[in-house]
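Database features, via Swiss-Prot:
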- Cys18, Cys20, Cys32, Cys35: Zn(2+) 1 binding site (BINDING)
- Cys156, Cys159, Cys180, His183: Zn(2+) 2 binding site (BINDING)
- Cys173, Cys175, His189, Cys191: Zn(2+) 3 binding site (BINDING)
- 49-59: compositional bias 'Polar residues' (COMPBIAS)
- 67-92: compositional bias 'Polar residues' (COMPBIAS)
- 105-114: compositional bias 'Polar residues' (COMPBIAS)
- 134-146: compositional bias 'Basic and acidic residues' (COMPBIAS)
- 42-149: region 'Disordered' (REGION)
- 12-44: zinc finger (ZN_FING)
- 150-199: zinc finger (ZN_FING)
Amino acid sequence: MGDTGSERSNAPSLPPRCPCGFWGSSKTMNLCSKCFADFQKKQPDEDTAPSTSSSQSDLFPSETDSDNGNTSIPTPTVNPTQQLPTELNVDSPSKEDCGPCTDSAHVSLTTPSKRSCDSDSQSEDDTSPMKRPRLLDSGDRPDNSSRSKQKSRRRCFRCQIKLELVQQELGSCRCGYVFCMLHRLPEQHDCTFDHMGRGREEAIMKMVKLDRKVGRSCQRIGEGCS
């Protein structure tokens with residue numbers, strides 16, 4: 001019985017609890033390992049705070065001393081009479097100098113308007129000659145009477161080269177002249193005949209016209225055959 005009582009008295013005691021709820025240790029101030037590490041991290045910050053304040057206090061006296069030293073430096077004095085002539089020379093322009101400047105400014109402002117009007121009139125004059133040839137081109141071409149008659153149909157009317165019978169037949173144009181193979185096309189000899197208008201008229205004449213019956217009468221299939 002005595003042995004059992006001594007064993008109970010000598011039973012190991014439980015470790016202390018950390019405020020976070022985990023088991024702590026007497027070596028770590030009854031804190032767990034995590035809380036003890038956080039506690040150690042906070043201690044250097046608390047130690048450095050007073051040191052920084054002391055360093056700032058050490059710096060401020062030096063700044064004040066430097067300020068006092070700057071104020072003690074004598075500043076050179078400047079005579080006000082020396083500055084007055086320069087200010088007067090810069091800021092006091094005479095009216096005689098400004099007069100011609102303003103006049104020239106007015107002249108320069110008024111002259112561009114006149115030039116612009118002149119340029120507009122010149123541009124209209126320049127454009128009008130360009131419109132006249134277009135009106136001539138759109139109008140009718142000169143008649144055959146303005147051109148001289150061909151003396152010999154055996155020669156080209158343009159280059160006066162001698163033509164054979166076959167060339168005379170192939171080179172004859174509707175304008176009434178005979179040309180060689182180099183000048184037989186209308187674009188090459190400034191033909192006065194309206195080939196495009198004649199072609200349109202011929203195309204209209206050759207068009208197939210369909211006879212359409214207009215009315216309401218109906219005819220059955222086969223009535224015409226019977």
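Even glycines carry a Cβ here, placed using N, Cα and C.
Remember, predicted model here, so these are calculated numbers, not experimental data.
Cys175 (Zn(2+) 3 binding site) and His183 (Zn(2+) 2 binding site) have their C-alpha atoms 13 Å apart, to the nearest angstrom. Other than the site residues Cys156, Cys159, Cys180, His183, same-chain residues with C-beta atoms no more than 8 angstroms from the centre of those residues' C-beta atoms, the Zn(2+) 2 site, are Phe157, Arg158, Gln160, Ile161, Gly171, Phe179, Met181, Leu182, Arg184, His189. Among the binding-site residues Cys156, Cys159, Cys173, His183, the residue whose Cα lies closest in space to that of Cys32 (Zn(2+) 1 binding site) is His183. The binding-site residues close to His183 (Zn(2+) 2 binding site), defined as a CA atom within 10 A of its CA, are His189 out of Cys18, Cys20, Cys35, His189.
Of all the binding-site residues listed (Cys18, Cys20, Cys32, Cys35, Cys156), Cys156 sits in the most crowded Cβ setting, with the most other Cβ atoms within 10 Å. Each of the binding-site residues Cys159, Cys175, Cys191 was scored by other CB atoms within 10 A of its CB, and the lowest score goes to Cys159. Cβ-based crowding with a 10 Å cutoff singles out Cys180 as the top-ranked of the binding-site residues Cys173, Cys180. In this structure the alpha carbons, written CA, of Cys35 (Zn(2+) 1 binding site) and His189 (Zn(2+) 3 binding site) are 113 Å apart. Taking the Cα atom of each, Cys159 (Zn(2+) 2 binding site) and His189 (Zn(2+) 3 binding site) are about 10 angstrom apart. The zinc finger (150-199): residue composition by secondary structure is 12 helix, 4 strand, 34 coil, according to DSSP. Taken as a whole, the zinc finger (12-44) shows an average pLDDT of 80 in this prediction.
Under the DSSP three-state reduction, Cys18 (Zn(2+) 1 binding site) is assigned to coil, being neither helix nor strand.
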